[in-house]
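Visitor: Found this in Swiss-Prot, in case it helps:
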- 30-37, 149-152, 178, 186-189: ATP binding site (BINDING)
- 37: active site, proton donor (ACT_SITE)
- 61: beta-alanine binding site (BINDING)
- 61, 155: (R)-pantoate binding site (BINDING)
């Protein structure tokens, strides 16, 4: 696997592949990789001739008092895992490479509406940071296809909308959430959990599953939400949000909506965990 922190190196290699008529998949990450990331790379390798991965802890998507400095950097282990999974090109830029003028002078990409609710309301500016860096990485790598995890459901919708609105010639593929045996969605932030907290963490998925089951049985959204919040609090969580939304617009679910998604974020100790469930009523 070739590794470079330089934009020109990445572009030169991808152009060479495209010149031969070969397809290129891209998996953007922030590193500290787990099996969920590796699954994205393996799926990308099935779809395309070559796989490019980026590791960049993006300062623009972290708010004040968030975990930018504490976010784990594990480049050596990540590189070994990516090589084994089939990645051929790894882009590891510094913030200066991505934002040479600094954040204050950077052009931004902002996706209105869906960026402002749920995680966007809890973390102002977060999705502007995500959209900007992903758009920039797309322009650097010029992939044919890009892969993202469905665990970050709102992020995936933001990126799909950005690609559509800006007419970017990239296919976006979402990959099912990879879970631990307990049902806990794999996340780099699971490393913040103590052993006791990790034992309690599967309650988040259980609460979401119970909500979906209740809604399918005709129980009101208000009732299933109240019961789920109570169960999370009893398990030691501090809920951030727990919402039932239209699956594609993220508007609050109406009684006539069939395609729904439950989106949840909750704090457990130092970790902010998110999860979701897409289902039909």
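Placement of Cβ uses the backbone N, Cα and C atoms for every residue, glycine included.
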Visitor: Taking Cα atoms as reference points, which of the recorded positions 30, 33, 36, 37, 188 is nearest to the residue listed as 'beta-alanine binding site'?
Guide: 30
Visitor: Return only the integer: C-alpha distance in Å from residue 150 (ATP binding site) to residue 37 (active site, proton donor).
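Guide: Residue 150 (ATP binding site) to residue 37 (active site, proton donor), Cα-Cα distance: 11 Å.
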Visitor: Any idea what the Cα distance is from the residue listed as 'active site, proton donor' over to residue 155 ((R)-pantoate binding site), rounded to a whole Å?
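Guide: Approximately 15 Å lies between the Cα of the residue listed as 'active site, proton donor' and that of residue 155 ((R)-pantoate binding site).
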Visitor: Just to verify: the residue among 155, 188 with the fewest other Cβ atoms within 10 Å, which of the binding-site residues is it?
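Guide: Minimum Cβ neighbour count within 10 Å, taken over the binding-site residues 155, 188, occurs at 188.
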Visitor: Is it possible to get the count of other C-beta atoms within 10 angstroms of the C-beta of residue 37 (active site, proton donor)?
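Guide: Other Cβ atoms within 10 Å of residue 37 (active site, proton donor): 25.
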Visitor: Inside 10 Å of the Cβ of residue 30 (ATP binding site), count up the other Cβ atoms and send me the figure.
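Guide: Neighbour count, Cβ to Cβ under the 10 Å cut-off: 18.
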Visitor: About how far apart, in whole Å, are the alpha carbons (Cα) of residue 178 (ATP binding site) and residue 155 ((R)-pantoate binding site)?
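Guide: So the Cα of residue 155 ((R)-pantoate binding site) lies 16 Å away from that of residue 178 (ATP binding site).
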Visitor: Whose Cβ, among the binding-site residues 61, 150, has more other Cβ atoms within 10 Å than any of the rest?
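Guide: Result of the Cβ crowding comparison: 61.
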Visitor: Under 8 Å between C-beta atoms and at least six apart in sequence, can you list the same-chain neighbours of residue 36 (ATP binding site), or say none if there are none?
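Guide: Counting only residues 6 or more apart in sequence, the Cβ neighbours of residue 36 (ATP binding site) under 8 Å are 149, 151, 177, 178, 185, 186, 187.
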Visitor: Counting across all protein chains shown, how many other Cβ atoms sit within 10 Å of the Cβ of residue 33 (ATP binding site)?
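Guide: The answer is 24.
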Visitor: Including all protein chains shown, what's the count of other C-beta atoms within 10 A of the C-beta of residue 178 (ATP binding site)?
Guide: 18
